[in-house]
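Now, the feature entries from TrEMBL:
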type: BINDING; residues: 214-221, 247-251, 269-272, 335-338, 356-358; note: GTP binding site
type: BINDING; residues: 221, 249; note: Mg(2+) binding site
Ligand SMILES: Nc1nc2c(ncn2[C@@H]2O[C@H](COP(=O)(O)OP(=O)(O)OP(=O)(O)O)[C@@H](O)[C@H]2O)c(=O)[nH]1
Ligand SMILES: [Mg+2]
């Protein structure tokens, strides 16, 4: 009973939003308005808003002053009143004056897709660096819109759940913002130095680095956790946050994976991408994504169960190109294959695989693929170890994967998988 009350209270406190999308008929779009609006709805939910109504319009071109047609704006104003809407969210980036004009007519806050994404990032950023980068992106977004955002900026926050610049009361003064941008840049430089030292240490560890990249919600963090669960010395606390939510991961995390077949690598989980990812954010996160630059191999995780997976794949590839890492070795990993009967047709070609991070399906094959790219050459051989050399057998259990042990008259016959580097030590026992 009490719990129910709590839930209703939570619902009641949710920000009530109305979404607006525009299809510009004279402009070719790489994504249908329908899909893009669906994604906007997910973004709004991820920011903690409830979607009460959706309005779309077809126009030959955008309206300079209102972005959409004046009549539509009027219609939205009425809907806002009728449904007690708190915020109207536009699917594209608006200019400062458009925001001001729209707010005047509809009477409630107006934000755009970029602002919404920035809000989500502001809510989720955990590390000092993440927080600084989001604030920097927010300030850069606000600067050219200062006049339009007057109303929002004079208020605490602005947008949904925005913490950050709004709270710091430096809003109305452009110079303050510029000074703050400088300040943040300085702090980021310091953070970057620390990270570079850490990276140098990591590179010394000599383990290959594998990075998970891909569209948001594709299952990157889930795959990281699945690998961790198979890993030696598994500790639940090392698992990362994975959830059916856009931008569940914001900060890069790194874990050591040591699989039973002796494959070892460092795995990096990164922030997911989304279409129309604000440019300032791409810029801001470039340094976080720098980890990807140091990777020996990228696993591009694709949600094969999403009808838009091809577009999502393209979006990710574009961002990777922007980051200058499109020349790295990449395995295309089609995930969530447990939800599909037929997997994408490409799965037979090289460096493409279908898996399920959830059920673990094809994980062994993926490991083999990873191994063949980053791993040391593994030999599968038979060894004959005399009984007098007992310590060799225990050594083998440490350095190789022992597939079978057979006690014969002449000695112990072991079938092992062993790295080429270690082979020299056991060469004399090799049973050809
Ligand atoms: N059915 C199914 N669901 C999966 C699979 N892998 C991940 N999921 C689900 O997909 C959702 C998103 O998973 P995450 O691992 O958080 O995705 P992500 O790529 O890390 O997403 P961001 O951090 O938001 O970029 C979660 O609800 C997972 O349980 C899979 O193989 N099959
Ligand atoms: Mg994640």
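In case you wondered, yes, glycine gets a Cβ from its N, Cα and C as well.
Features recorded in TrEMBL, as mapped to the structure shown.
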| residue | record | DSSP class |
| --- | --- | --- |
| 214 | GTP binding site | strand |
| 220 | GTP binding site | helix |
| 248 | GTP binding site | coil |
| 271 | GTP binding site | coil |
| 336 | GTP binding site | coil |
| 356 | GTP binding site | coil |
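Checking the binding-site residues 217, 221, 251, 356 against ligand 1 with a 6 Å cutoff on the Cβ atom leaves 217, 221, 356, in sequence order. By neighbour count, meaning other C-beta atoms within 10 Å, the densest spot among the binding-site residues 214, 221, 356 is 214. Taking a Cβ distance under 6 Å to any atom of ligand 2 as the criterion, the binding-site residues 221, 248, 249, 251, 356 reduce to 221, 248, 249. Long-range Cβ neighbours of residue 336 (GTP binding site) (same chain, at least 6 residues apart, Cβ-Cβ under 8 Å): 219, 303, 304, 305, 356, 357, 358. Residue 271 (GTP binding site) counts 22 other C-beta atoms within 10 Å of its own C-beta, drawing on all protein chains shown. Restricting the binding-site residues 214, 220, 271 to those with a CA within 10 Å of the CA of residue 249 (Mg(2+) binding site) leaves 220, 271, listed by sequence position. Remark: residue 220 (GTP binding site) has 212, 213, 214, 249, 269, 270, 272, 301 as non-local neighbours, by Cβ distance under 8 Å and separation of at least 6 in sequence.
Long-range Cβ proximity for residue 217 (GTP binding site), meaning a same-chain Cβ under 8 A and a gap of 6 or more residues, is found for 244, 245, 246, 248, 272, 303.
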